[in-house]
Structure formats: C-alpha cells, structure tokens
Amino acid sequence: MSRTAFFISDGTGITAETLGRSLLAQFEGVDLTLVVKPYIDTLEKAHDLAAIIAQTADRDGERPIVIDTIVDQSIRDIIAAAPGFKVDIFSTFLAPLEEELATHSTYTVGRTHAIGRDDVYMHRIDAVHFALDNDDGARTHQYDQADVILVGVSRCGKTPTSLYLALQFGIRAANYPLTEDDLDEDGVLNMPKALAPYRHKLFALTIDPRRLAAIRSERRPNSRYCSMDQCMQELQQAEALFRRYHIPYIDTTRFSIEEISTRMIAETHLTRRFSPR
C-alpha cells in the first residue's frame, strides 16, 4: 500500500512533522511519501496547498493523510475542505486541555518555539560550538567542561550523536576516537591518558563489524581501514576496554541517532538544558 502524507504548519512545521512521523511509524506495511509544507500562513497559500492535495488524491487514487498544526481557523477550514484524511493535532488536544485547565488557549502561531527562545538559542549555540570544537579528540583540554564524552572506534556514530545532543538538548558532548595509537606494546587497548581523569563522564558506542565495514567502505574503499578483520579487531578491543573499566555502552547498529541519544540520556541521567524542538 502506498500513500502520501502532508505535514502542514503555519510555522516551521517541526511539531507537525515530529508528531506525524511518530504516528505513521506505527504502520510498517504502508509505503509513505512524506511532504512537509511549513509557513502556510495566508489564505492564498492555503488555497494553493488545497489544490496540491486534490491533485495528489487524483494521482494516487487515495486521499492523502493531512497532519497539521495550523492555528488560524480560516486557513484550517480551507485545508479541511481538501480531499484528505485530516489529523488536526491542535484541535484534537486543545479542547480537552482548555476544559481541564479552565482557560482558553491563546492560539498563537509558533508558540512552541517562542517559549524561552533566547535562553534556548544561547544554550544550543554554546553546545553546538562545544561539540564541533571537541570533535574527534581535537581538544582534550576542554573535557572538564563536557557533560559527556562519547568514545568508540572511528565511524561508529560519535559525531552525529554529539551534534544531536547539542542541537536537541543543549548537552555539551565531546567525542574521542579509539585508535591504534592507544594500544600498548602488547597490542592491548588501554584507557587513553586524556580520558582517565574523566571516566565518570564516559559513554561508549559500539557497532556490528559488518555495518562498520560498510560505512568505512564509503569513506576509504578497498583499504585496510574498512576490512572486516580490521573492524572486528578494533571492536573487540574497544568492547574489552569498556568492560574492563565499566564504561556504559550501547550498540548503535539498529538504532537511529534519536534513539541512541535518548537511551544514553536515560542511562546516564544527563540533564537536558531544554526539550527537543
């Protein structure tokens, strides 16, 4: 089964897309084409979009799914008249909340992104700068300022996880790659000197060797770096290090960056400086 889903908003569309994706992810047997339409904030834009929804229904032979967070009632009415299956997130939840809280909603466009905006912005920028400055073991002298230090072999997901933690939660995440330089004379991977004072901040990532080899092949094909033997050896040594020093770790093979991050936060009890956008 193939369907089209529209995520529509009079703001950035982040809320509609995030909630919509979460809902639609529950239907694994449906092949979905996802369309994001932000800033539908005028009647003209609403009419144009309604026409697109109608064209999509004709083309697919099925009415598209329409998930929106539009505040303006006149714009909502235009979208509602289009031939789509409408999931109005705000109207679904605001009415019962108004009743429970005994007060009326302000129905303000972009309100979710305005709450504490200046403070959130500064935390986000600070955390992103920190993640970039401390990527791949670049500045180990700043580890005392880190909320968490991600460790693992090259290409196991440390950098994207660090940036996601910074962008979504304002967490100052550094990351350190475990390499052959950290082997002792007997070929055993030891705790790197730069990390030893911060063992309480360490969280490790590992990955299936076949997946790691595939990822590395995209970067350096036909090299020792991406060979299965090399990947298996590095991962075995890294996981032995994690166990020896009781460093918590997660296998990233089957998890998205979002899942890796939230699982890590739950396990380490890191403090979020703000909630996701």
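Just so you know, glycine gets a Cβ as well, placed from its N, Cα and C.
Feature annotations, courtesy of Swiss-Prot:
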- GLY152, VAL153, SER154, ARG155, CYS156, GLY157, LYS158, THR159: ADP binding site (BINDING)
Fill in: Winner by Cβ contact number (other Cβ atoms within 10 Å) across the binding-site residues ARG155, LYS158
LYS158
Worksheet item: Near VAL153 (ADP binding site), how many other Cβ atoms are within 10 Å of its Cβ?
Response: 25
Worksheet item: Least buried of the binding-site residues GLY152, GLY157, going by other Cβ atoms within 10 Å?
Response: GLY157
Response to the item:
Going by C-beta under 8 A and a gap of 6 or more residues, the same-chain neighbours of SER154 (ADP binding site) are PRO177, THR179, ARG216, TYR225, GLU234
Worksheet item: What are the other residues, in sequence order, whose C-beta lies within 8 angstroms of the center of the C-beta atoms of GLY152, VAL153, SER154, ARG155, CYS156, GLY157, LYS158, THR159 at the ADP site?
Response: ASN175, PRO177, LEU205, ILE207
Item to complete: Specify the secondary structure state of THR159 (ADP binding site) as given by DSSP, simplified to three classes.
Response: helix
Practice prompt. May I ask which residues of the same chain, at least 6 positions away in sequence, place their Cβ under 8 angstroms from the Cβ of THR159 (ADP binding site)?
Written response: ASP135, ASP136, ASN175
Worksheet entry | Cβ neighbours within the same chain of CYS156 (ADP binding site) - under 8 Å, at least six residues apart | LEU205, THR206, ILE207, LEU212, THR252
